[in-house]
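What follows is a set of notes on a single structure, which appears directly below.
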Amino acid sequence: MASSTSIETAPKSTDTLLPKLDFSAGSLDLVVEFGGGLDALIKQELLKNVNGAKQAQIKFPKQIDQHPATIQDLIFHLRDFYVKDKPELFCVGDKVRPGILVIINEMDWEIVEDNADEYAYKLQDKDHIAFISTLHGG
Amino acid sequence: MDCKRAIELRARLAQLRKEELEIEAELCSLEMSHSATLQPPLQSQGSSNVLSNEEIRRYSRQLLIPEVGTKGQRRLRDSAVLVIGTGGLGSPCALYLASMGVGTLGLVDHDTVDHSNLHRQIIHTEASCAGAPKVVSAHMGLSRLSSLCNVRIHNVLLDSSNAKDIMNGYDVVVDATDNAATRYLINDACVLLGIPLVSGSAVRLDGQLTVYNYNGGPCYRCLFPTPPPVDTMAGCSETGVLGVVPGIIGCLQAMETVKLLTGRKMDEHPSMLLFSYASQPHFRSIKLRSRSAGCAVCGDSPTVTELVDYVAFCGSGPHDNAPSWSILDDPAQRISCKEFSAFRSTTPRKPHLLLDVRNEVEFEICSLPNSLNIPLDQFDRRQDELEKAIGDLDGGPVYALCRRGNFSQLAVRHIRDKLGYSECYDIARGLVGWQEEVDSNFPAY
């Protein structure tokens, strides 16, 4: 899909790419991974190569608009600030685009506990969230 | 003397290999046209409750494993597996299924063998590259390996009109295809026929493996109810693939098939296996949802009760791996390879810039002489370099070139609209066209 240039460490100027977030209600340390070629959609300077996986380590507010932060909030954040130039290859409307599997702590997000609406999943500190594109080739 | 003899022997082997393929092709067409008499019907095997001495000798190392044993080995012998696609995934999968003792193997493929297949499609050989159908070539690979395996071939493109007839009666279906439309087709047919599906895929350096439609687990549509956008469906011919990666996934498909046939898959929770060349560890297993009650095909109130038009559903089909875009509306902005060749041959040569906009990896494979390589996705970053090259032309023309004449059109639009330089033209059909229309010695990739 795109060049496989891997950037080992995030260089200095990522501050200008990201918004100021409100951590007054606390923060969550999240690891967000992009697989199956999705890393090509993401601004390379925001990704780290951790044992071959393309990850973003994100400090995210515990609360957004007085509500516990959900994975929907995270998806908006990724769409608006992490995706390079084709947000439609990551999101269609408010939802993750068809063909992307969302994995929370090594589990299909549909079966994460107490999770009737997967977009309402309340983010937890140290969550590992992976967005994996399905492959078709053979 | 020895040298001469070696040359003779090599020539004789080449001749024998050619003859072997011809015999195989004739046998295949006989078996297909007289299938009623020459091929036993599916699921008619299993007459014998014991293994023959020949089978015991051949499968002894496998019989020693309690997970298989004589009971499991008889199950394999009495089973029929359909492998759809005899490419990078299907090659090792079919070879292992036959070698492990699966009694009946069906093969489906509509394609012919090409040299660009050989680095990963290991069931095929150089001899087959003279236009042999993949199923005939695969039939040869399997019949060399085992006379105990009954191979049935289908030299057709699987579609909604033939899928259920071909798939009906098999115990397991292996999806070893290369496109989204066929994956949805196979999934739906498996659900309608009640057959478990072992699905694998591989592109570049990554692979994925899942068993669908089995024991309360999900089907492909439960996970992916809506097909992805067309421009995210990259195939091996465009993005490349490391030969062994589909091999790894294809071998695992054979293993999952054995687990299904011997009843050892029952206790496992549905999962998706992710493989990556780069990551440590290479494998990760993701726990998957169960069958979705709202699924359009396997749910409680299905809306898909017959096969549909999957090319329309997905917006692209099995043949659409190499798209041909029409981005430039004005035909005057595009010239053919022949016209460009004539222009380059005029003496004295007129000043111009031949701008190759492919990425560096492709440019390294082959390029036309005196071309400047600036990949399309570096146009912004290398704008100064680009503008200087154009400025040096004194108003002469820029010709944009790529592999197929798709991305070069975007380059022409960029140079005309963003850089404001209107003496810029696209070379239609790109280097593929150059090889076919102008210089057959130019490498094709």
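Just so it is clear, glycine is given a Cβ too, placed from its N, Cα and C backbone atoms.
Any TrEMBL annotation is an automated prediction that lacks curation.
The ATP site recorded in TrEMBL includes B:G88, B:D109, B:S116, B:N117, B:L118, B:H119, B:R120, B:D178, B:N179, and the single candidate from B:K134, B:K164 that the record places there is B:K134. Residues B:V191, B:Y212, B:N213, B:P218, B:Y220, B:R221, B:L223, B:R291, B:S292, B:A296, B:V297, B:G299 surround the recorded Zn(2+) site, their Cβ atoms falling within 8 Å of the Cβ centroid of B:C219, B:C222, B:C295, B:C298, which are themselves excluded. Listed binding-site residues near B:C236 (active site, glycyl thioester intermediate): none (candidates B:L118, B:C219, B:C295; Cα-Cα distance within 10 Å). Using a cut-off of under 8 A between C-beta atoms, none of the recorded positions B:C222, B:C295, B:C402 neighbours chain A.
According to DSSP, B:C222 (Zn(2+) binding site) sits within a helical segment.
For B:C298 (Zn(2+) binding site), the nearest of the recorded positions B:S116, B:L118, B:R120, B:C402 in terms of C-alpha separation is B:R120. Mapped onto three states, the DSSP output places B:C236 (active site, glycyl thioester intermediate) in helix.
With respect to their backbone Cα atoms, B:D178 (ATP binding site) and B:C219 (Zn(2+) binding site) stand 18 Å from each other.
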